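Database features (Swiss-Prot):
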BINDING   CYS49, CYS50, CYS114, CYS145  [4Fe-4S] cluster binding site
Amino acid sequence: MDIKNLLNPIERPEVTSELTNNVVLTTLNDLYNWARLSSVWPLMYGTSCCFIEFAGLIGSRFDFDRFGLVPRASPRQADLIITAGTVTMKMAPALVTLYEQMPEPKYVIAMGACTITGGMFSTDSYTTVRGVDKLIPVDVYIPGCPPRPEAIFDAIVKLRKKMATEDVRDRYEQIRQTHRYHTTAHTLKAVPESLSSKYLESPTRQAPPPGLAAAMEMPLVLPEVVKQNEQV
């Protein structure tokens, strides 16, 4: 009896040129990442005008189906949430709930200036969240007011590159050890009241410029006349 056949009864096939052209050598991690980045299912959280730009991707001009994007109506079937528009304090718990209902691994794209920093609504509104990353972790930011559809495609490509280089074991370990989102309390600054009757005592109000009446093409009602009418 041949000892070589006894130790290895099945002969090792020779790797020929024909075999190398038909066999793909990869790892389970790369195969898993390729399947995920080729079938990204987004959940749209549109609250403002930025969502209109994303809706333009559905048409044939941009054709976002080529990236494997399939919009879902349920967070339990989505692995990507795109926040487009202003997020208020009252909407923050609903957004966090939707994010928590998504299965792991999950990703977030912040679209537009209002989502990233609060935008123009954060200057004089105490109910606007100054950045959605205070509520949920953001993977890709898309600046703009609103960003163009090409910018959304660029964000999708960058997210796909990030997904392709990830190790699933490291991501799950990171999720298990640390919290992926945090909430920051918004502090209000006390400012003097602007809506008061003191503005009537300003010099420009007491004595308006002469050319103001001509520009308005109507007579000006001076505070003295108002006081006289009130006394009568």
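Placement of Cβ uses the backbone N, Cα and C atoms for every residue, glycine included.
Note that the structure is a prediction, hence the values are computed from the model and not measured.
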Does CYS145 ([4Fe-4S] cluster binding site) have same-chain partners at least 6 apart in sequence with Cβ under 8 Å from its own Cβ, and which are they?
-> GLY112, ALA113, CYS114, GLY119, MET120
Filtered by Cβ under 8 Å and at least 6 apart in sequence, the residues in the chain of CYS49 ([4Fe-4S] cluster binding site) near it are GLY85, PRO146
For CYS50 ([4Fe-4S] cluster binding site), which residues of its chain lie six or more apart in sequence with Cβ-Cβ distance below 8 Å?
-> ALA84, GLY85, MET111, GLY112, CYS114, THR115, PRO146, PRO147
DSSP says CYS145 ([4Fe-4S] cluster binding site), in three-state terms, is coil
Other C-beta atoms within 10 angstroms of the C-beta of CYS114 ([4Fe-4S] cluster binding site) total 27
